[in-house]
Amino acid sequence: MIQNQDESEPLLAKGTYGSIEPSPLPGPSEWTLYGEGTGKKRSEWCDRLSKVFIIPQRVVLAIFGFLAILNAYTMRICLSIAITEMVNKTGSIDHDEGVCPIDDDANPDDFTGGEFNWDQELQGVILSSFYWGYVLTHLPGGILAEKFGGKWTLSLGILSTAFFTLITPWAVNLGGSTALIVIRVMMGLGEGTTFPALSALLASWIPLKERSKLGSLVFGGGLVGTIVGNLVSGLLLHNIDGWSSVFYFFGGLGIFWFVLFTLLCYSDPESHPF
């Protein structure tokens, strides 16, 4: 015998499951800002800053990523130009009896130059020493970026490279070629974290449909940096007396980039205050 349903028990609405009815989505008047109700409160200054910075943060990050690689490449290659004024050209030439000697009437400035008597083999060691450190920090750089965030992994790497670039003239005058090789290895260690850290930042900030476009912008900094580094280094050597100006200029730009980047960029959207 089937018992009739008690009249006091409400009938279930058609299309519902059990006694739970689907709740409607909140209307626009009930929408909340990110962080409300989760313990993260947006302060008034954050709201004001979000109105001032009309450029999307992912675009800001891409621009600073472009400048990071540009700075990294200029600091990497500036020695290749500056060394032409650092080395005494007469002392660095390997004399061959089968080659005609230098004309005694030639301008000596065309064949002398700097104060360091480094032969071509030593110059090759100096120029290649950067990559001894560079290849060692790619994998650790990626691990550090995943653990501590790409912001500090990238910025501290560029900062260390800029610092060693700035002290290059002092180190060379103090310790000669040995000190310069050590400086270049340390620069390579710092710069080796650049690409792993940038990859982590792009993965956190850039949506899939924009990664090809903004990624091309970021990694195009290498090509521009190569052009700028060679061009500006030559101009500085031509117009300013002394090769040290090259290292001061590019090292100073790296420090300036570090300050702006740490103020305006963050590792991921969740840690960004506005």
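Each residue's number is its place along the chain shown, starting with 1.
Placement of Cβ uses the backbone N, Cα and C atoms for every residue, glycine included.
Record features, source TrEMBL:
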DOMAIN    57-274  domain 'Major facilitator superfamily (MFS) profile'
REGION    1-33  region 'Disordered'
TRANSMEM  59-83  transmembrane segment
TRANSMEM  152-172  transmembrane segment
TRANSMEM  178-205  transmembrane segment
TRANSMEM  217-240  transmembrane segment
TRANSMEM  246-266  transmembrane segment
Outside the transmembrane segment (246-266), six or more residues from its ends: residues with CB under 8 Å to it = 57, 60-61, 64, 67-68, 71, 74-75, 78, 81-82, 149, 151, 154-155, 158-159, 161-166, 168-169, 201, 229, 232-233, 236-237, 272-273
Ask   = Along the domain 'Major facilitator superfamily (MFS) profile' (57-274), what average pLDDT does this model show?
value = 90
